[in-house]
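Colleague: When I checked TrEMBL for this same protein, it listed these features:
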- 12-30: transmembrane segment (TRANSMEM)
- 53-125: domain 'Membrane-bound transcription factor site-1 protease-like N-terminal' (DOMAIN)
- 204-454: domain 'Peptidase S8/S53' (DOMAIN)
- 212: active site, charge relay system (ACT_SITE)
- 243: active site, charge relay system (ACT_SITE)
- 409: active site, charge relay system (ACT_SITE)
- 483-611: domain 'MBTPS1 third' (DOMAIN)
- 612-883: domain 'MBTPS1 fourth' (DOMAIN)
- 1000-1020: transmembrane segment (TRANSMEM)
C-alpha cells in the first residue's frame, strides 16, 4: 500500500511541474520578442549600452559641491555612477545641482534611488544646445528633415547683408526702400542716447552679463571688460565666432563708427557656447548661479526655442529674475509666422524683444503671436513686450572694425543697452530699492511708442522710447500695473483680434489674458477678486469672470478676463466702457512696517452687436488640439523638412489668423470652444469647424455630436490630415539632446479618433498620404500630405482627383518621387445631408494653415460653410457627376489603427481624464459635464490600453535595439513611475498596431493556471506528509 500511495502522489506532482514548465515556455514563446524601453546616449550610438549618460541631479537647497557629492556617495548604495567634477568659476560658491555619469545598465535603478532621497528635487538629462549663430546653415534644429545635434532651437541666426522679402502670410505690408540717411544712422542716436550721455549717464557701475560666445580681452572697442568666464569644455576665453563680440558692441562699444548705448557698462562675458555652437544645460545652470552669486544687474540672452518645458532651464531663469537680475532676450526669428514666440523671451518675467526696420515696420523675421503656454485650454499673453530696431544694426567685429547684422538677436542687445543706460540713471545706493525686472518692464512698456500698423501680438507695447522711459524712472515709486493697460475694441489694427469681432449675447466667453507687473516686490498677492466698474448703465450688460495668479512670483502674474454679454443684451448695439481694478499687495520692504499695496487698472472699451443669426455663427474646436511640447506632434505637410514640429498653437489667432480674418470678412462670427462638445449648445451655431485635430473624443461627445447633427441641425465641417503608421514609425529620430527616441504621438491629425467620431454618419478617412495639384471651378489648389476618404454614405457628393500616394513607398521625412509611385483617383472631398444637419469633410488642412501654406483654400471653406450652415449648394460641388449612387466602404480592419506603443494619456486632455467644462465655456456650465449631463462621466480609455498609467517618457517608443528590461521614464519626482514593469510585456514594434492585451493575455493566463495547479497539488502533498510519517512511526513501534 505504501508503494501504491507513493506512486499516486508523485504522478500529479510531476504532471503539475510539467504543466508549469509548458506554461512558462508558452509565455516565453507566445510573447513577442522583448524590446527594451530604454533611452540611448548622447555620446554613443543608440545601440551602445555600455556608455554613460550625464544627468543633472537638482537638490532642494544650496550646498558646496563637495558636500552634495558626499551626500550622494553616503546614501546611494548601488554602483555604476560617478560624480562629475565641474571646474569653472562657480565652484567656489554653493550650488543646487550636481552632474553625475550613469552606466546604461544601472540607469533606471540609480534614477529611482537618487530621486527618492530627501534632499533631491529631481533628476534630468543634461541637455545639449546647438544653434546656428551666423545663419550659415539656415538655423534651426532640423535641416533637410534631419534632427541636428543638441536642444531644439529655432532659427536664432544673425544675417549679414541679407535682404528679407515679405511673406504672403503677414498681416502687414512693408516697403523695403531704405532712405540713404537711414542706412548710415547710428542706432544710439535714433533712440536719443546722446541726450543721456550729455547728462552724465553712460552705464557706469552697471554689471552687464552677456551669455554668448565670449570676447577677446584686448578688443579696442571696449573700455570696461571686467571679467571673462568660460563655461564650456574648450580651453579658451576668446570669441572665435564673432557673435558675443557683436552683442557686446551694441551694448557697450565705444568705437565712433558703431557706438554702443552704455560705453561705461561693466562687461562680464560668459562664454557658454563652444566654437561649434554647442552648449549644455549644466553649463547654463552653473553660469546662471554664478551670475546670481556675483550680483549681475542685467543679462542678455540671445537664444530661444519652442520648448518651455525644459524645467531645469526655465526654473533657473525664474530664480535668476527672482534675484533681481533683469533679463533681456530675443523673441525669435521665426516670423512672419504667428505662434512662434521663443522661450525664454515668452516668459512674463523676461523682457522679450521683437524687431522692426528703420521705417517702423515689423521686420518679417520677427516672431509674433500670443504666447502658446496657455493654449489649447486658455488664451495666450501679449508678447513681445517691446520692439526695437533689428535690421542692419552696426556692431563690433571679432577683433576690430564694425559690421552690420540683422535679427531679433540684434534687437535684444539694443534693448539690453537701453536698460543698462536706464539703470545708470538711478543712484547706485538706491538701485536695488527701485529697479527690478518688473519696474524696468513697466518703464519700457509705458514709455514705448505704439506703431501705427502692427497689432499688439506683433509689436507688444511698441517701439522702445529711451527718453520716455527715462522720465518714468526719474520719479518712479514701487507699484503694480497691468500690461496691456487698455483693451479697446475700436482701436484697429492694434487690438486685433478683438477689434475684428464684437461681443454679443449667447457667445462663448471672449478671453483676454493680461500680465500683472509687480514692482513692489518679488512676491505678491491679489488682495481680493478683481472688480468691473462700468461707466454707464449699459455696462451692466457685461458679465466678467476673472481667473488670476494666486501668487505673483517672480515679479509677475496673470489676470484673465472671461467676458460674456448677458441674455438681456441680445438686441443691444453699441459700446460698453469701464475699468477693471485689482489690488495687489506685497510684503513690506526692509525698514517698512506694513505691506505694500497698489491698485491696478485695466481700461475696457468694447463693441457689442445683436446676437447674429445661427447660420452666421461658426464654432472652432480648440479643445482637441495638441501641440509641441509636451508631445512630438509632427508637421502637417511632409514637404516641409526644416520645421518638423507642429508648435505654432493651431489656434484661430496664431497660425490660422488669416483664415479668421477671411471668415470675418465673409460675415461669419467665429467663436472658440476650449472644452468638450458637451459644453456647447448646438442650437446656437450653424457649423462646428474641426481642423487638424490630434486628440481623442469622449464617448459622450460622439453621442452628442450625432444628435446635434441629425436632430438639431448642426452643420459639421472637417478638415483632416495625413495619418499613416508606416510613416510615423519611420519619422522617429534619435535625439541626443534627451538621449531618447522620439516618435510622433499621432499623425498630422488623429484619424482613428476622427473616424470614431464620424462613424455614426458612415464616414471615415484612410491612411494614404496624397500630394498633388487640382482645380475646381478654376481655383487652383495644392493637396499637401492630405488623406483620402474611404467611407461615405450613398447619396452624398464625393470629389476625387489623381494624386501621388507617397505612403506606398513609406515616405517619411521627405516626399520621394520614385517610379514605383502611381497616381490614382482618390476621394478627398465629401458633402452630404444627414438628418436635419449637413456634413462636409476634406482630407487636408494645410491650405488653411498659414505656417507652411502653398496655396490657400479659403474659397472652398466658404463654399463648405455656405452648405453646412445655410444649405446653400454650389452647383459644381453638387453636380450630378459627383453624386454617389453607392456608398464608399471598406472593412473595419482596413481602417487606420492607433499605435499602442505610445502613452497617449501623457498628452491628451481626454484619455484617462474627467469630462469637464472648463473656464472657457459658458458660465452656466463651468465645472459641470455639460448640457443635459448631470452625472459624473467616466474617463476615456483607448482600446487596448490598461487603466494603469504606463508612465513613459516624452515621445518614447519601444526600442527594438536595446536589452530586455523596462524603460526608464525621465520625469520629476512627482510623476508616475511605478509601472515600468509594463514595458517588459511589449514585443517587437509592429507597423500596424495590435491591441496591447494580445501580446500577453493568453500566455499569462496559461502560465498562471499552470502555476496555481502546481501550488495546489504541492500544498496537498505537504499536508499528507506528516500523516505518512506518523503512521510509519506507529507501525515501527508496534513491531
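Any Cβ shown, glycine's included, is placed from N, Cα and C.
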Colleague: At a 10 A cut-off on CB-CB distances, which of the active-site residues 212, 243, 409 has the highest count?
Modeller: 409
Colleague: Reported as an integer number of Å, what is the Cα distance between residue 212 (active site, charge relay system) and residue 243 (active site, charge relay system)?
Modeller: 7
Colleague: If you average the pLDDT over the domain 'MBTPS1 fourth' (612-883), what number do you get?
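Modeller: Looking only at the domain 'MBTPS1 fourth' (612-883), pLDDT averages out to 88.
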Colleague: Could you break down the residues of the domain 'MBTPS1 third' (483-611) into DSSP helix, strand and coil, giving a count for each?
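Modeller: With helix first, then strand, then coil, the domain 'MBTPS1 third' (483-611) has 11 helix, 66 strand, 52 coil.
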Colleague: Summarise the domain 'Membrane-bound transcription factor site-1 protease-like N-terminal' (53-125) by DSSP state, stating how many residues are helix, strand and coil.
Modeller: 27 helix, 30 strand, 16 coil
Colleague: Do you know offhand how many angstrom separate residue 243 (active site, charge relay system) and residue 409 (active site, charge relay system) by C-alpha?
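Modeller: Given the Cα positions, residue 243 (active site, charge relay system) is 10 Å from residue 409 (active site, charge relay system).
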